[in-house]
């Protein structure tokens with residue numbers, strides 16, 4: 001049999017009647033219709049003077065063991081939480097593939113065309129002072145960071161990769177390259193042939209064609225696993241090597257390997273790479 005119980009938003013307010021269902025239960029939707037935002041009921045115990053909540057079972061409010069009685073029930077409302085817009089903070093972006101002659105001023109001037117630059121840094125060898133081919137940039141505005149991350153960049157001709165630092169890598173560890181040098185390759189090589197090893201970010205084949213190329217993977221661990229391997233790509237045996245910058249003597253040896261042992265051509269390539 002349906003009955004009405006007395007409810008109020010505050011104990012000091014004048015109560016109003018809330019209809020119950022035929023079985024004596026009360027639906028939260030019935031409470032919310034009378035009190036906007038209400039999600040439950042509670043009453044003050046005549047003995048302890050403490051507030052007691054009403055049982056909510058499977059989305060239905062059930063009367064206390066002694067029935068609803070003549071008590072005044074106070075509605076329980078969930079506190080509205082104002083959604084705050086998360087403040088997006090900028091991060092240091094890694095810029096890979098920098099020409100060795102690129103200075104911090106060059107880097108600042110280039111990226112300033114996208115927005116205000118907070119910091120730039122070109123990493124150099126502590127002993128020689130020479131560039132290690134990568135650096136960092138941070139912008140003042142997060143929107144600028146998003147814009148820069150969404151496109152490829154050309155700084156003094158070579159393509160440059162930009163990405164967020166790998167949080168799993170310790171700051172004390174050396175930066176791990178995602179780029180692989182590929183020797184003895186064909187001119188029509190594409191990213192499709194390399195996706196069997198992992199996600200490919202870029203394939204760069206120098207023009208005019210010199211029988212070698214560079215493949216950049218999204219995951220540096222994929223690149224690391226391929227160093228020094230002889231692979232079959234499009235029916236051709238190709239050789240992979242680390243594309244990290246090296247001293248001229250080591251670099252020349254690597255280029256000779258990639259170009260089939262042509263030493264004169266290799267020396268020319270050392271000055272270009």
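Keep in mind that glycine also has a Cβ here, set from the backbone N, Cα and C atoms.
Residue ranges 136-158, 159-181, 182-204 are listed, and TrEMBL annotates 159-181 among them as region 'Disordered'.
With DSSP classes pooled into helix, strand and coil, the tally for the region 'Disordered' (1-23) is 0 helix, 9 strand, 14 coil.
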